[in-house]
Amino acid sequence: MQQLAELYPQHISELQSRTKEALSREGIDGLIIHSGQAKRMFLDDNNYPFKCNPQFKAWLPVIDNPNCWLIVNGSDKPKLIFYRPKDFWHKVPPEPNDFWVEQFDVVLLTQADAVEKHLPYDRSRFAYIGEYIEVAKALGFDLVNPDRVLNYLHYQRAYKTDYELVCMRQANALAVAGHNAAAAAFKAGKSEFDINQAYLAAVRQSDNQVPYNNIVALNENSAILHYMEQDVVAPSESRSFLIDAGASFHGYAADITRTYCNGSIPNSSHFAELINGMHQVTLSLADSLKPGVPYSDIHIAAHAQVAQLLHQFDIVNLSPDDILAEQIVSTFFPHGIGHFLGLQVHDVAGHVADDRGTPNPPPAEHPFLRTTRMIEARQVFTIEPGLYFIDSLLADLKSTEKSKFINWDVVDTFRPFGGIRIEDNIIVHRDKNENMTRDLGLN
């Protein structure tokens with residue numbers, strides 16, 4: 001894409017600037033960033049699927065090649081040691097020739113264990129950034145993943161460059177195509193397994209290429225927050241469908257959730273109305289993302305709006321304010337309202353107050369909130385309110401004095417549908433918000 005090529009030099013310039021500041025804080029000369037290496041399964045000769053170091057893929061869209069290295073110091077042209085072995089067992093990556101190549105001095109590495117000759121001779125003033133501590137020690141690095149460096153780099157990752165925003169829009173476009181295909185498969189009565197296959201075919205990515213394991217849940221399975229099973233047999237009656245699934249583009253993630261209802265099923269009209277109500281909650285909360293507002297305030301607002309739904313649909317026989325006062329909402333909405341999104345699905349530095357890593361934990365009453373940062377321009381968030389009928393949490397509630405406030409007959413009519421989550425991906429700009437998910441056609 002020409003747009004990526006035009007924006008990429010500024011992206012590298014920003015990473016150089018961040019690197020220079022991180023190095024000055026640690027008092028060192030440079031970073032050696034390791035893409036990672038193949039990891040063998042225990043007592044086996046097969047490897048786990050390769051997952052690239054996010055600090056490596058922040059620099060360039062090489063996300064599937066182990067044994068690569070970057071040498072960066074914030075001033076000189078970054079050096080890329082690109083692994084290209086002689087190998088007749090596996091596909092060998094081609095020599096780099098994409099839009100990003102001119103930003104690097106590229107050296108080809110044919111043997112993974114021969115990297116030492118390409119690294120700085122005196123590594124005492126360089127820090128290794130990566131997962132493989134034993135490799136770092138064998139190569140003579142004393143400084144490994146220093147906190148001051150990572151705290152600063154992680155904090156700054158919340159602010160996306162124009163190049164990164166284009167990548168994230170493209171990831172959303174891919175995911176939207178997948179969600180549309182999955183919705184069609186649900187309407188055709190397909191199994192969870194077949195719905196997932198339809199999704200993957202539409203995004204043109206495998207299970208190992210999408211940014212996380214897709215959640216594809218029919219009926220009561222929609223009440224399991226991280227349901228991963230994917231039954232191969234379609235149920236005799238497909239009442240509801242929740243899909244939480246994303247896509248990757250150049251290492252950046254989309255993370256989208258939708259819930260659907262089969263309108264031909266008895267008692268489905270109220271659940272369909274509840275889904276529509278949750279769409280309005282998502283849109284309202286997305287509009288509330290403003291620079292200068294703590295993200296935790298969005299979560300508190302989500303609880304208030306879910307309380308309104310619990311009252312409106314006669315699930316709880318209390319006013320919304322009293323539902324909040326009795327702390328009933330968390331039974332039906334037990335997770336956080338969202339998180340940072342970027343190179344990682346749950347992107348880093350959500351629980352810090354500054355670029356030195358000062359902790360800023362979530363409130364005790366909302367322990368699962370993944371982000372407590374102040375909202376600022378160029379940050380990207382998910383907004384994902386939900387309302388679920390989870391047997392274990394409902395049983396806990398029923399054993400308390402608060403049970404008398406619950407209309408259990410209504411709860412029981414909703415249980416077969418499982419639950420609802422509606423999740424959009426939002427870019428916060430200085431004077432507006434950009435709902436990538438909706439703008440790209442998924443309503």
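Positions of Cβ are set from backbone N, Cα and C atoms, glycine also.
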Look at the Mn(2+) 1 binding annotation in Swiss-Prot, where Asp255, His339, Glu423 are given, and name the residue from Glu220, Glu365, Glu376, Glu384 listed for that site too. Glu384
Additional site residue, Asp244, Asp431 [criterion: listed by Swiss-Prot with Asp255, Glu423 for Mn(2+) 2]: Asp244
Which same-chain residues, if any, lie at least 6 apart from Glu384 (Mn(2+) 1 binding site) yet have Cβ under 8 Å of it: Thr257, Thr282, His335, Ile337, Gly338, Arg421, Ile422, Glu423, Asp424
Name, in the order they occur in the sequence, the residues of the same chain whose CB lies under 8 A from the CB of His339 (Mn(2+) 1 binding site) and which sit 6 or more residues away. Val345, His346, Asp347, Gly350, Arg370, Thr371, Phe381, Thr382
At a 10 Å cut-off from the C-beta of Asp255 (Mn(2+) 2 binding site), count the other C-beta atoms across all protein chains. 26
Would you mind checking how many other C-beta atoms are within 10 angstroms of the C-beta on Glu423 (Mn(2+) 2 binding site)? 20
List, in sequence order, the residues of the same chain other than Asp244, Asp255, Glu423 whose Cβ lies within 8 Å of the centroid of the Cβ atoms of the recorded Mn(2+) 2 site. Ile215, Ala245, Gly246, Ile256, Thr257, Thr382, Glu384, Arg421
Mn(2+) 1 site shell beyond Asp255, His339, Glu384, Glu423, criterion: Cβ within 8 Å of Cβ centroid: Asp244, Ile256, Thr257, Gly338, Leu341, Thr382, Ile383, Asp424, Asn425
Assigned conformation of Glu384 (Mn(2+) 1 binding site) - DSSP reduced to three states: coil
